[in-house]
Amino acid sequence: LLLYHKNTEIDWKAYMDEVEGVVNGTLDYTQLKGDTGPLVYPAGFVYIFLVFYYMTDHGTNIRLAQYLFAGLYLTTLFLVFRIYSRTNKVPPYVFFFMCCASYRIHSIFILRLFNDPVAMAILFLAINLFLEDQWSWGCFCFSLAVSVKMNILLFAPGLLYLLLWRFGLLRAIPKLAICAILQVVLGLPFLVVNPAGYLTRSFDLGRQFLFRWTVNWRLLPEEIFQHRAFHLALLVAHLAALGLFALNRWHRSDESILSLLKDPSERKAPPQRPQVVFALFTSNFIGICFSRSLHYQFYVWYFHTLPYLLWCTPPKTLPQLLRVLILGLIELSWNTYPSTVYSSAALHVCHGIILLQLWYGTASSLDSQKEKQPLKKAE
């Protein structure tokens, strides 16, 4: 994979042009651009790719950049394996598919040199810190990941639930402040020069995506794909799914979910310890399912979470062979270029099956836990 070709990188030259503008003294975000368009990522992206800029002879040493991203890939695998070792849900043979069976992921990391893997590596570091009960440092790393690419916000609803569960509203505010303050500090040089320009460019939630690059909505006519009503319907479905999972799957208590606003010591019936990885991974996956568009590099947004999402439910929910088949079909969909009606439809079917088995599979596990509780009390 570490063979550079003139057509290998896609956005690398644009990234280098964008950060070179900062090197030359341009701090107005509306004036920073590369050959593929304007700079649309937050300030953390600029600082991290400035390091790459200087390490690779102003971005010209592509081979070295590929080696650096190969190291990032191995680091990401280490962080992901560490998460999976804590969950103890996924059988060992599945890790072969994660490491060796995805050409698209290897391409995104090592050949294409996108910023998405950088953001995800930092995100997985944050999750490791959450699992170690290092919530302040975890929030710091989470916010740093957001500052590289905004897709990390798909994990935010799950993180908010976990912070409220762990600390209650008042004690969660300092953790949320860490996230907010870091964004201000990182963006300060650009905010001073043109605050509106920085915020609208780096946190633009209304961006229009090109139909020719979509992986998930090729089965629709382009006029529907671009229609605002379609975008609004996806947003409503996204929020509804998040609400259902928060109320019925993340929250495990006889008390109302509003009890999370109280200090943990003041709750009448403290909720069971939530599954940190489950809340975060499902929060992100729901966002993927209802995304307005998925481009090829976006595969890395959830690829490393798929084994957990497929194997975290009891074996009777889905046969093992079907779980492996779903992994294969998702991989095939992401490797079909350009995407087709059939590849997009297959991707949606696979996503739908995963979402349903997460809903019904975790419901059966919750029921079994409730059945065991009276036995424990009797003992």
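Placement of Cβ uses the backbone N, Cα and C atoms for every residue, glycine included.
Curation does not apply to TrEMBL; its annotations are automatic.
According to TrEMBL, the features are:
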- 39-55: transmembrane segment (TRANSMEM)
- 67-84: transmembrane segment (TRANSMEM)
- 113-131: transmembrane segment (TRANSMEM)
- 137-164: transmembrane segment (TRANSMEM)
- 176-198: transmembrane segment (TRANSMEM)
- 229-247: transmembrane segment (TRANSMEM)
Relative to the transmembrane segment (229-247), the stretch among 39-55, 67-84, 113-131, 137-164, 176-198 with the most Cβ pairs under 8 Å is 137-164
Please work out whether the transmembrane segment (137-164) lies in contact with the transmembrane segment (67-84), by counting C-beta pairs under 8 angstroms that are 6 or more apart in sequence and asking whether there are at least 3. no
Highest Cβ pair tally under 8 Å against the transmembrane segment (176-198), stretches 39-55, 67-84, 113-131, lands on 39-55
The answer for the transmembrane segment (39-55), taking Cβ pairs under 8 Å and residues 6+ beyond its ends, is 15-16, 18-23, 29, 32-33, 64-65, 68, 115, 118, 144-150, 183, 186-187, 189-190, 198, 201-204, 207
